[in-house]
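First comes the structure, then the notes that go with it.
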Amino acid sequence: MTFSFLLQSSPLPVSPKPLLSQNQYSLSSLLSLNTTQRFLGLRTLSTKSTPNMQDPTSVSYLSQREAAEIDETLMGPLGFSVDQLMELAGLSVATSVAEVYKPSEYGRVLTICGPGNNGGDGLVAARHLHHFGYKPSICYPKRTPKSLYTGLVTQLESLSVPFVSVDDLPEDLSKDFDVIIDAIFGFSFHGAPRPPFDDIIRRLLSLQTLQKRPAIVSVDIPSGWHVEEGDHEGGGIKPDMLVSLTAPKLCAKRFCGPHHFLGGRFVPPSVAEKYKLELPSYPGTSMCVRIGKPPKVDISAMRVNYVSPELLEDQVETDPILQFRKWFDEAVAAGLRETNAMALSTTNKDRKPSSRMVLLKGFDENGFVWFTNYESKKGSDLSENPFAALLFYWEDMNRQVRIEGPVEKISEEESENYYHSRPRGSQIGAIVSKQSSVVPGRHVLYDEYEELTKKYSDGSVIPKPKNWGGFRLRPNLFEFWQGQPSRLHDRLQYSLQDVNGNPAWIIRRLAP
């Protein structure tokens, strides 16, 4: 089906002022890095950042005695309480699960909790997973009457998290759950599991013969394993993920699953020094860090089954600029990182394409603006072939927007105004960087940056380089893409065409 909308007048008020004036849509306020970080190319640390990969041979492993001593030290002279450590441990488990098993595909989580601290960690993890968007259920057959544990149960019940008895658990756990958290026994357990945990462990073992089964996540120690010797008899649980707490126990050396995380970002330096602990650094504000080798991945099997609201012709704006503004505002409201990041694709006179990520700095009915060094690779391409394509990809919303059209330089006045609105460090960075040219080493950039910083330390005006400024793409084609199940994605294309002598946006649905 095709829709056409005549442009008898501008859909938005046209202003003679520069694009980046106050009454137009400027994105400069989205800059979140300080000036030195911007110039040096450093990125801020994000709570969504993927944990660093740590070499397992460089990480310390604890014996049962050492693990017990460290707990006693933490809860003794160092002032930690059991509930504090349990909260940190449970949060570490929940964030580790969220790193690998996304709630859109692994939303049904069964947490099996034992009577001790390991079970308490599982209760805390289930509460956090609920807030992360999962649908947890809890099997807690041997409840501990202490107030710490009854309080955790009360918190979960207030969130309407269901508790399931052993008798009500299905024999085949694979039908009702996507992830099973094994929080039954910790490092202090020894001996053979007693009822009802022996039967629960048997059910977990039976899952390992299934081709399609829930992922098993063990907290600190896979239940039934010896804390130091591991699954020495070879008949124990083989979890897909192990979340070690404080430091990996010796049994973790025998873990062969694809995902090994360390949680417990609370070990004081004095403890690390006393026990000569080699612990990895945690990225950003993350409560977990991946250790061990990365899992082997079948790239051909990597896919996401998108679930999104439908994108229908009678629900979108007739003007693609307004539709883009709507989607952009929704992406900003959702808290997506660098919503204004876009892929810019250009071709040179020989029709050789190149792409790179840049930041959108403003848009209105006249087009989309970004800034760069005119002598860079993209600047050179655009001087030879003044046409480009933009791509915005907002992963968490299953959305992307493609925009195509001719490109022109914006006025010198607009470039000057934006340049002097930037942090002074970024202004100096634009002078230092002869973009796309070869430099002998990073120290050259540092040295010139420091020299210019001293030169303009008196607050005097920093001159804009003559070869630095903005480009504007004037769109003649948009495509709004919304991911849908089974690859039947929504694709609505807006193309600018002449209809009876008037420019009009024609909307067509494209096959996915």
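Even glycines carry a Cβ here, placed using N, Cα and C.
Features reported for this protein in TrEMBL:
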BINDING   Asn117, Asn118, Gly119, Gly120, Asp121, Gly186, Phe187, Ser188, Phe189, His190, Gly191, Ala192, Asp220  (6S)-NADPHX binding site
BINDING   Asn118, Asp182, Ser223  K(+) binding site
DOMAIN    67-279  domain 'YjeF N-terminal'
So what sits near Phe187 ((6S)-NADPHX binding site) in its own chain, CB-to-CB under 8 Å and at least six residues off in sequence?
Gln64, Ala67, Ala68, Asp220, Ile221, Val227, Lys249
Chain-mates of Asn118, Asp182, Ser223 with C-beta within 8 Å of site centroid, K(+)
Ile112, Gly114, Gly119, Gly122, Ala183, Ile184, Phe185, Gly186, Ser218, Val219, Asp220, Ile221, Pro222
I'm trying to understand the geometry here, so how far is the Cα atom of Phe189 ((6S)-NADPHX binding site) from the Cα atom of Ser223 (K(+) binding site), in Å to the nearest whole number?
9
Any idea what the Cα distance is from Asp182 (K(+) binding site) over to Gly119 ((6S)-NADPHX binding site), rounded to a whole Å?
9
Cβ-Cβ distance under 8 Å, sequence separation of 6 or more, same chain as Gly119 ((6S)-NADPHX binding site); the residues meeting this, in order, are Cys113, Tyr140, Thr144, Tyr149, Ala183, Ile184
Over all shown protein chains, what is the count of other CB atoms within 10 A of the CB belonging to Asp220 ((6S)-NADPHX binding site)?
29
Same-chain residues at least 6 apart in sequence whose Cβ lies under 8 Å from Ser223 (K(+) binding site)
Gly114, Asp182, Ile184, Phe185, Phe189, Pro193, Phe197, Ile201, Leu204, Ile237
